[in-house]
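Note sheet for the following structure.
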Amino acid sequence: MLPDLSAAPMQDRYGRPLRDLRLSVIEACNFRCGYCMPADRVPDDYGLDADQRLSFDQLETLVRAFVAVGVTKLRLTGGEPLLRKNLPVLIQRLAAIEGIEDLALTTNGALLARQAVALRQAGLRRITVSMDALEPALFRQMSGGRGEIDQVLAGIAAAEQAGFDRLKINCVVQRDVNEDQVLPLVEHFRGTGHVLRFIEFMDVGSCNGWRPEAVVTSAQLRDRIHARWPLAPLDANYTGEVAQRHAFADGLGEVGFVSSVSVPFCGDCQRARVSADGHLYTCLFASQGHDLKPALAEGEQGLATHLRQRWSVRADRYSEVRASTSRRRKPVEMFLIGG
């Protein structure tokens, strides 16, 4: 029996509050990136039936319940969220929820050019674009032969025109795969107002072939960049920010580093994730989720009570104990959880 915590502050077993919700609106993707959804493991026709995904009504109720227990930051993920039909309609509904201070979306950018204006008009405030290479052939290869860098760059340009003037650009760096793209990416985005962030290759899921030797640490990346463009550390924007921020000494913006492997940040993790079919994951490295649909059927208040109970027993800190523990269960794939 889970405790009744309806009147208590929303904290897990380590005193961590819940402030950030990553909400997957679709599990399907038009790319097949090797570290997430490799083509040899995930067929092109993979995906849930539409009626298995949470409806817009369910998603709105779910977000309202999360806001009731403390969430202020909402990020829509996938899969590729721009594949979700009528997404701007959903965004308009979510943007109207009182208490949501930040509404963002993560995309591979291939479909962004045609949707950027509608997303902005609907109330989306920020966009993060995943981009692991600038070189066209390598980009195509890393996306499983599905993506073209020109499409993504066009999407970024369209987002700028629509009023998204400060995008985040995420790059997952893998040794001997795309580490030679780090400096070209920095050179491309310096001075644009966008924030490039380098993410250590993580052991999320079980089909990406992760091994420690493939990780290029943030410290190594920072040293390479600093040797070309001197950097100075910046303070975090808020408690729980995952990226270590550094400013270019010449004033041409900043770059970030997400160091889940080499410098775990579990102690400040304030995030929950919900999959497109309504399962709650309290850690990106989870081996199982919790189906929220029964509680969701009880309405906003019933779900909020359930979330308080679930969060109160959260004790996840996988990245901190990665080296000293072995997984007993197969981890859930990142494209199902929603990175």
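From the backbone N, Cα and C atoms, a Cβ is placed for every residue, glycine too.
Not measured: the values here are computed from a predicted model.
Database features, via Swiss-Prot:
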type    : residues                                             : note
DOMAIN  : 13-249                                               : domain 'Radical SAM core'
BINDING : Arg22, Arg75, Thr106, Lys168, Arg271, Ala272, Arg273 : GTP binding site
BINDING : Cys29, Cys33, Cys36                                  : [4Fe-4S] cluster 1 binding site
BINDING : Tyr35, Gly79, Ser130, Met202                         : S-adenosyl-L-methionine binding site
BINDING : Cys266, Cys269, Cys283                               : [4Fe-4S] cluster 2 binding site
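What Swiss-Prot annotates, mapped onto the structure for a quick look.
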| residue | record | DSSP (3 states) |
| --- | --- | --- |
| Arg22 | GTP binding site | strand |
| Cys29 | [4Fe-4S] cluster 1 binding site | coil |
| Arg75 | GTP binding site | strand |
| Ser130 | S-adenosyl-L-methionine binding site | strand |
| Arg271 | GTP binding site | strand |
| Cys283 | [4Fe-4S] cluster 2 binding site | coil |
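Of the listed binding-site residues Arg22, Arg273, the Cβ environment within 10 Å is emptiest of other Cβ atoms at Arg22. Cα of Thr106 (GTP binding site) to Cα of Ser130 (S-adenosyl-L-methionine binding site): a span of 7 Å. Rounded to a whole number, the C-alpha distance linking Ser130 (S-adenosyl-L-methionine binding site) with Lys168 (GTP binding site) is 8 angstrom. Among the binding-site residues Cys29, Tyr35, Cys36, Met202, Cys266, no residue is found with its Cα located within 10 Å of the Cα of Ala272 (GTP binding site).
Taking the Cα atom of each, Cys269 ([4Fe-4S] cluster 2 binding site) and Arg22 (GTP binding site) are about 12 angstrom apart. Around Arg75 (GTP binding site), the same-chain residues at least 6 positions away in sequence with a Cβ under 8 Å from its Cβ are Asp20, Leu21, Arg22, Leu23, Leu103, Ala104, Leu105, Thr106, Thr128. Of all Cβ atoms in the protein chains displayed, 20 besides its own lie within 10 Å of the Cβ of Cys283 ([4Fe-4S] cluster 2 binding site). Annotation: Gly79 are the binding-site residues among Gly79, Lys168, Met202 whose CA atoms are within 10 angstroms of the CA of Cys29 ([4Fe-4S] cluster 1 binding site). The subset of binding-site residues (Cys33, Tyr35, Cys36, Gly79, Met202, Cys283) lying with their Cα within 10 Å of the Cα of Arg271 (GTP binding site) consists of Cys283, given in sequence order.
Taken residue by residue with DSSP, Cys266 ([4Fe-4S] cluster 2 binding site) is part of a helix. Most buried of the binding-site residues Lys168, Arg271, judged by other Cβ atoms within 10 Å, is Arg271. In the three-state DSSP classification, Thr106 (GTP binding site) falls within a strand.
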